[in-house]
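Presented below is the structure to which this report refers.
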Amino acid sequence: MMNLEKNFDKTTLFNHMRTDKRGKCSDLNEYGTSCDKTTAVEYNKVHMAMTHYECNERGINFSRKSPLTQSQRTITGWSAFESNKCEENFSQSSAHIVHQKTQAGDKFGEHNECTDALYQKLDFTAHQRIHTDFTAHQKFYLSDEHGKCRKSFYWKAHLIQHERPHSGEKTYQYEECAKSFCSSSHPIQHPGTYVGFKLYECNECGKAFCQNSNLSKHLRIHTKEKPCDNNGCGRSYKSPLIGHQKTDAEMELCGGSEYGKTSHLKGHQRILMGEKPYECIECGKTFSKTSHLRAHQRIHTGEKPYECVECEKTFSHKTHLSVHQRVHTGEKPYECNDCGKSFTYNSALRAHQRIHTGEKPYECSDCEKTFAHNSALRAHHRIHTGEKPYECNECGRSFAHISVLKAHQRIHTREKPYECNECGRSFTYNSALRAHQRIHTGRKPYECSDCEKTFAHNSALKIHQRIHTGEKPYKCNECEKTFAHNSALRAHQNIHTGEKLYECSECGKTFFQKTRLSTHRRIHTGEKPYECSKCGKTFSQKSYLSGHERIHTGEKPYECNVCGKTFVYKAALIVHQRIHTGEKPYECNECGKTFSQRTHLCAHQRIHTGEKPYECNECGKTFADNSALRAHHRIHTGEKPYECNDCGKTFSKTSHLRAHLRTRSGEKPYECSECGKTFSEKSYVSAHQRVHTGEKPYECNVCGKPFAHNSTLRVHQRIHTGEKSYECNDCGKTFSQKSHLSAHQRIHTGEKPYECNECGKAFAQNSTLRVHQRIHTGEKPYECDECGKTFVRKAALRVHHTRMHTREKTLACNGFGKS
């Protein structure tokens, strides 16, 4: 703090004391001030805080009576002085006198250059200095503190006040909290901020303010007053008139009138000429005005000299402070001519007006999409760049938008501040609450302009419109595959990372997406919250309900552009299109086999894991697929829903019906690429091809014997279990295989359906016919490893081997071999 030696005579002391508006000076004892005895008594009233006058309303003490009187008038609103002409009231005599001079036209002086009228001598003297063209030696007070700015002042007091931010000096201290200030007005304004004491109250709404100027600004909200009228153009402004006049002021170069100041004229000329003589030594940026340079330099110094007296927030520019103060006053001076909505900032009004004009001036250089706001364009750019500058401190996840980060952080805090009035359900986001409330109202305000379909959410409409446009704005950085939905991209990216974030607590199954986990949990809980209004059937997922409702309406909105076939579900269309493209995007990690559907891959993988999660409630038998369980259930119920239109025969499985139809038609569309043999079913081809490859993927877990077919393995396993589940109704004999039972029943019926084409002989079993046909063909497929003799039947080979070679070996071992 600066040490100043001050010598006062009585008059100077009186003026010194008047600078302290509350009658109290802070931290002045260290100045070393000296005065005569009489003056010292008066001086001590100030510096020893001899406060004889106390305000009963506010509890504040004063050293003199006049500040107390003024304080009480402020609180009570009492005005002692009334104007004779306009009946305006004043609480101070000085203000009353000045007002009367204004009314009477009694001017202390009128300046020749600008005809401004001044009613007080002090004002007139100060005003003259504005017009006088002072030379360097006539500007008596020059700032040279630390060589900062060399700004000159007409008043020494202004110089001292100006130098304090350079020196860091804060001479005035508020004794309640020891906070120091550069200006004497700041500790006067500060107590109201410190104790929450706001003297100036609005009569309309009751809002209170620390400063009368802020109250005056606030009152304009109620009065709609725009006090500054410019005679030149007739427009009125809530902001100062001078600022507007600067924009209207013109000079000879641009066809207008002259400037009031030479410096203003020169500054304006630089703008027209593009001249920028003032350069920042930090970054080299140039400016046309020194004031602009000084304001810019605060970016480098971090200086924020303008402080809000309401909340103590600081700003680098005075204009920023002025705009900020509207937060406290509630002033919204910028009004929309179209809808009457008012705004705190002019920039906010301009942005709002684009709603009415439809203007979108900001265009994306990558995809040519346009936006109404520059901030929206910057946010959109991050889709193309992949930039996510906002990172969560809890989990490290990054986001493209700060609003999304803030919303995400509620996951960690578990905060759900938005509650539904109808059902009491709470939400993390306000948008989620609004969307939820449409469930209660049934409102769907968003309509597709192409197909007139309506949606409850705007986001759902935007996603839907991509069906018509074919737009896929989300691209994978790894494989460059594009997606219509961001969620689909995120799910896809987990294929590359292998990451599965969400785990089911019941069964441990993991999912890429939280929504998938929520849906999966309903398997365990049995919850089916979505009900069909037509038939009452319930579903675990909303998409299932939507698809089901199309059964009632007959709607099939998804059409194949290759063959014209239509589908109820889009997923069914996508799967169908793979028939035309031959695409099989799902590959088994164990054996490399590929599938066109994910469900087929999942079912296939259970072959390797042995998992059978679907259990029959009747017999306890387990299955790898839910469809297999449903088909099995029909054994217990006897249901055969699939009927042949030609012969009326019914089947429990649709695959059995298709196979039956091919038997009648003789169709065999599936051909083996190795030998050209054709089959009526695709599964038969797959099974047959194992003859060529020698593959036997099904292994018995008891004896380890491998099999080419799963059905063969199941039959084999009955040897170990002794199971014979197929019983003859005629004689009660049981069999391990259904085919054996069918063959046996022909003994009772005498049926011989298999006939030889060569000789017409008929047989009860197909295997017997095949053996018989070898008589005509001469085929003997079974060869003895010992002697090379061949046989028609496998049984004949076994008999030969036992009788001839096994007997010979036995005799040789006993010493009866050939000599």
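Just so you know, glycine gets a Cβ as well, placed from its N, Cα and C.
Since we're looking at a predicted model, the values are computed, not measured.
Looking up the ranges 103-125, 586-608 in Swiss-Prot, the one annotated as zinc finger turns out to be 586-608. Checking the ranges 77-99, 698-720 against Swiss-Prot, the zinc finger annotation falls on 698-720. Feature zinc finger, per Swiss-Prot, maps to range 782-805 of the set 230-253, 782-805.
Swiss-Prot assigns the feature zinc finger to one of the listed ranges (168-190, 306-328), namely 306-328.
Zinc finger is the annotation Swiss-Prot gives to one range among 26-48, 670-692, and that range is 670-692. Residues of the same chain lying 6 or more positions beyond the ends of the zinc finger (530-552) and with a Cβ under 8 Å from any Cβ of it are 519, 522-523, 568-569.
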